[in-house]
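Below: one structure, written as structure tokens.
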Amino acid sequence: MNDFPWLTIIVVFPISAGSLMLFLPHRGNKVNKWYTICICILELLLTTYAFCYNFKMDDPLIQLSEDYKWINFLDFYWRMGIDGLSIGTILLTGFITTLAALAAFPVTRDSRLFHFLMLAMYSGQIGLFSSRDLLLFFIMWELELIPVYLLLSMWGGKKRLYSATKFILYTAGSSIFLLIGVLGISLYGSNEPTLNLELLANQSYPVTLEILFYIGFLIAFAVKSPIIPLHTWLPDTHGEAHYSTCMLLAGILLKMGAYGLVRINMELLPHAHSMFSPWLMVVGTIQIIYAASTSPGQRNLKKRIAYSSVSHMGFIIIGISSITDPGLNGAILQIISHGFIGAALFFLAGASYDRIRLVYLDEMGGMAISIPKIFTMFTILSMASLALPGMSGFVAELIVFFGIITSQKYFLISKILIIFVMAIGMILTPIYLLSMSRQMFYGYKLINVKNFSFFDSGPRELFLSISILLPIIGIGIYPDFVLSLASDKVESILSNYFYG
């Protein structure tokens with residue numbers, strides 16, 4: 001056990017420092033904004049310091065572990081710990097939340113509450129990625145919902161209440177399955193119930209029971225990921241949310257579902273995962289094609305980007321269901337890569353909206369002349385989204401391809417078919433992304449409007465765009481930095497499977 005409670009401090013600090021903000025005298029919005037940014041930067045520095053000096057790359061076991069008795073009556077522990085699977089997502093959370101706090105500068109209405117909810121989300125997300133106890137995992141999973149619901153319903157667009165209600169119905173409904181799974185797994189087959197993930201990883205279950213648990217967890221994670229057909233809350237939510245909230249949703253929230261699939265479905269229930277993986281592979285392949293085909297039909301800019309997120313999540317599902325070393329590594333790399341790319345695209349969509357106050361693509365056009373910096377950044381990040389070589393998305397998708405090719409589980413004909421359908425999806429991706437860019441930035445529509453003038457991106461927006469672009473290019477050029485974090489953990493997860 002670790003001597004110093006690093007993870008507890010990292011989890012508790014944002015929400016406790018954020019709650020202080022609610023009691024401070026109101027000194028204007030600027031104070032709240034800078035206070036939040038300072039907390040986020042401090043938290044990110046603290047996390048980086050703790051991991052740099054205490055995390056050993058070549059150790060697949062749990063590190064920085066903490067184990068405190070919390071509720072005696074229920075035998076409930078506060079168990080924290082990280083491994084190669086969670087370290088990348090925790091650092092991604094810190095980075096994206098800090099930039100989202102900077103992106104939220106234009107928010108003036110109830111800014112204290114807005115920034116507090118952001119920090120509460122921050123704590124919930126890091127708590128989820130570092131929890132080593134199933135009930136604690138569930139509590140952190142639920143802690144996330146309330147801030148997102150309030151951020152949607154109070155600072156969204158015209159249909160914000162509809163999209164917030166849809167979000168809470170989908171996610172809270174799926175949480176029932178998660179709770180049943182958590183209680184079922186912990187109470188099964190022993191006199192003393194245990195919620196400890198390390199002990200549960202060595203537990204074996206009857207096949208029927210394992211399949212039931214797997215389906216319960218799969219439904220919960222499929223809503224968050226999202227996996228079709230449980231994805232319909234996502235375009236509505238992204239279409240109405242403020243763009244700083246969209247950055248958190250696309251950058252981190254969707255990754256929680258994928259993380260849960262690996263952490264619980266793959267690690268705790270290997271036999272059921274082995275049985276379900278061909279179906280997941282089919283769903284992931286359909287998802288890539290479906291989202292890439294549906295996206296061009298969206299008039300709303302943010303909804304179109306949301307469908308691109310659904311398409312990218314298809315690659316993660318395929319990587320997870322390939323049950324191979326490259327496949328799972330590629331899925332983890334795609335989780336990190338899409339976290340940056342999705343957040344960046346939503347930020348630039350929001351920056352454009354701040355200027356022209358239009359959300360529908362058929363009303364836009366001709367913006368490239370007036371805002372060349374935003375146009376340049378949007379074009380580069382669209383290229384990153386369509387997996388241009390040299391960007392992080394390309395490496396992730398390529399490794400997932402290798403994962404399918406090297407998989408021992410599937411017949412050659414089925415592998416060829418899956419790769420063929422994925423290739424069609426990759427051809428459709430540039431079509432909707434480049435047509436989106438063309439509708440926004442080329443043509444004459446806005447130039448012909450009277451009083452047509454607005455300023456290009458300021459230093460804040462330029463700094464934000466470049467900050468997200470650098471890791472995308474960095475991972476694209478040197479992916480081994482991210483891959484080396486999780487490689488030992490991936491091997492230990494796959495050691496439970498008989499092929500791979």
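Start at 1 and count along the chain as shown; that gives each residue its number.
Every residue gets a Cβ built from N, Cα and C, even glycine.
Note that the coordinates shown come from a computational prediction; the quantities given were computed from them, not determined experimentally.
The following features are taken from Swiss-Prot:
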TRANSMEM  4-24  transmembrane segment
TRANSMEM  87-107  transmembrane segment
TRANSMEM  113-130  transmembrane segment
TRANSMEM  167-187  transmembrane segment
TRANSMEM  211-231  transmembrane segment
TRANSMEM  242-262  transmembrane segment
TRANSMEM  272-292  transmembrane segment
TRANSMEM  305-325  transmembrane segment
TRANSMEM  331-351  transmembrane segment
TRANSMEM  386-406  transmembrane segment
TRANSMEM  416-436  transmembrane segment
TRANSMEM  462-482  transmembrane segment
Criterion met for the transmembrane segment (4-24) and the transmembrane segment (211-231) (at least three Cβ pairs under 8 Å): no
Contact set, same chain, for the transmembrane segment (462-482): CB under 8 Å, 6 or more residues outside the stretch: 88, 95, 99, 102-103, 332-333, 336-337, 340-341, 343-344, 347-348, 373, 377, 380-381, 384, 389-396, 399
Distant-in-sequence neighbours of the transmembrane segment (211-231), which means Cβ under 8 A and at least six residues beyond its ends: 141, 170-171, 173-175, 177-178, 180-181, 184-185, 205, 253-254, 256-258, 260-261, 264-265, 269, 272-273, 275-276, 283-284, 286-287, 290-291, 310, 313, 316-317
Most Cβ pairs under 8 Å with the transmembrane segment (242-262), selected from 113-130, 386-406, 416-436: 113-130
Among the ranges 87-107, 113-130, 272-292, 305-325, 416-436, the one whose Cβ pairs under 8 Å to the transmembrane segment (386-406) are most numerous: 305-325
Contacting positions for the transmembrane segment (305-325) when only residues 6+ beyond its ends and CB under 8 Å are counted: 225-228, 231, 234-235, 237-239, 250, 254, 258, 261-262, 266, 273-274, 276-278, 280-281, 283-288, 290-292, 294-295, 298, 331-332, 334-335, 338, 341-342, 345-346, 349, 385, 393, 396-397, 399-400, 403-404, 406-409, 418, 422, 425, 429, 432-433, 436, 490-491, 494, 497, 499-500
Considering the transmembrane segment (416-436), which listed stretch of 87-107, 113-130, 272-292 counts the most C-beta pairs under 8 Å: 272-292
Contact call for the transmembrane segment (113-130) and the transmembrane segment (272-292): at least 3 Cβ pairs under 8 Å, seq gap 6+: no
